[in-house]
């Protein structure tokens, strides 16, 4: 349990106050000197007694009479309260530091209490009682003692005593020593009552077992509770020469090879002495039992104990050497130890094995048969025993193996198939090793060359080549270099390239393409037209010059890439080159009515043939609009009286090529005053209604004649076209057949094809009837053609919903008409 100073002082203070009161009553009757006793370390402000009461003074007059206390000391530890007459502590009193006690058992503070009016002086003594507030302390924290291991048991050694500032029972009372088998203590009392301890040896010391003893000495005072202090006692044991040098073993057998060079280490003797200093320094020497022959052959180092070769060793002359070595220390009374050594001389493997190549066949063909003998090798060694036994081997991971044919003769045979393309030659190292210790070896390297065999076919880097060729290429242009590789050598490696004959449309590939037979460069022999030929597929063969020759082929796919080399062609409204198309439209036409429809065609591929339309010349931009995708020209508002009667519209049709090509058409539009109803949605009406609506008889007769002539012309044209010979597949498609009529309009057209592009085939409609305009289409394409009048839900579809059209053919579903003008 933890005990504080306040816990100790408070009960003592109460006890001493009681003693003071008793003493005052007694003293007042017997003497004029007041005596008080207080413990040290009381708190500041603690009241000792009431002097006014003890001295019989009136408390009310103390301040008036200037009551004061004078202390005969360096500091003012005590003072009096003039209001109450109480004597109290001003500064904490430490008995060991006030300078008045000087380690005396009794310690007093002398006070003079003085009053004025009248003057009176009272002498008072305050005894400072000691408290156990200090622990014993040693002058040195560590005490060193040097004791010889030869010191007899019972020897005493004085130890430094501890000091305690406290007095009386609170000072040092006894000592304790930590547990030890070698030492004990005895506590002594001095003349002045001080306590000290002696260290006593109770068991003989042995430095070799324990050279240092670490002890703890504890001093304990007599206070309550007791306090203590410690010091470390280190006992160093001094050595005496009581141990002789010893070897690890008293007898040794050592083997050494003959012909060992002079100075070679035979053995390193090491004798140990458990003593220290000069008592452990050891020197080595031969004993008298060692022969002169041995001393002449081997040298003994007197300091380190190393035995080295001094003379030549020969197994055949002398095989065993015996010696005795003495180790002596340098103590005052020197001690020594002995060791017997037997040295055995061993035979040395001093002859290298020999290898001899009796025959070696090089070069050999790479297709040599397995187990064929390539070389014959013999080995030998002049040594005997294991030193004369030899082994022959070649490097691992080689397609060869050694086969023993007779005593010390070996055959080198082929164990795996050879491939010159992987390894053209082998460096075969024959290594012979004896079984001596250490083993000796010899080697010899032979180079085996392999002859090439035509066993590899030419190899193309790719199994399929796709070559893109821009149309309109120059004849003789280099298309690509198709180079094959053959890992064989010489003539087996020389390659020749051919185009395998193949006919397309009665045309041989050799008429279209040419290949350099030496380097595989592929050339075009003609200029290609994408609109006629799209691609070619053929094979190229590479053949080596071996015997027999080997070959391989590769597939080549030539793709003709389209160029924008065809300008758009205006097919509706049709007009002769440089002429102007004239159209009439009622001035009462509503807003959004279809005025005309421009249709252009382009023979190029899908990307280059995508056409957009725009006005190149337009007088009034607020009157007409042009759809850039379908070419429809519509009114943006109704005509007013301010608008001119004639309008000139120039439309340009531009393809999507790079650079873009274009065609233009000029439409001269005349607005007329008429009662005929304009159908902005171009709804199809019956021919009879158009002809006989509010016109006179002469116009009917004239139109009938024109219609009859037109019908005869159409029938004659159909007969002539159908009698024409069908062109070949490779022939270019026929020229476009288009019918156009002045003042004509174009109905909506719908076309579904594998190219998903609408304008390759369209349906044209005039105010006097319908006609079909046919364009050349790709072979095998499928189209659905329908005419859908605007503003109606009706649809007129050709007799066959899905018709297959061939280039240059005439089907009953379409009318083919030669170009003509009215």
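Glycine is no exception: its Cβ is also placed from the backbone N, Cα and C atoms.
Since this is a predicted model, take the numbers as computed values, not measurements.
The annotation domain 'Cadherin' is assigned in TrEMBL to 30-138 (among others).
Residue counts of the domain 'Cadherin' (139-247) by helix, strand and coil are 3 helix, 55 strand, 51 coil (DSSP-based). For 139-247 (among others), the entry in TrEMBL reads domain 'Cadherin'.
Summarising the annotation, TrEMBL assigns domain 'Cadherin' to 248-355 (among others). Confidence across the domain 'Cadherin' (248-355), taken as the mean pLDDT and rounded to a whole number, stands at 89.
Residues or ranges marked as domain 'Cadherin' by TrEMBL: 356-460 (among others). With DSSP classes pooled into helix, strand and coil, the tally for the domain 'Cadherin' (356-460) is 4 helix, 54 strand, 47 coil.
Residues or ranges marked as domain 'Cadherin' by TrEMBL: 461-570 (among others).
As annotated by TrEMBL, domain 'Cadherin' applies to 577-669 (among others).
Per TrEMBL, transmembrane segment is recorded for 697-720.
Helix, strand and coil content of the domain 'Cadherin' (248-355), in residues and according to DSSP, is 10 helix, 48 strand, 50 coil. When DSSP labels each residue, the domain 'Cadherin' (461-570) comes out as 7 helix, 51 strand, 52 coil, counted as helix, strand and coil in that order.
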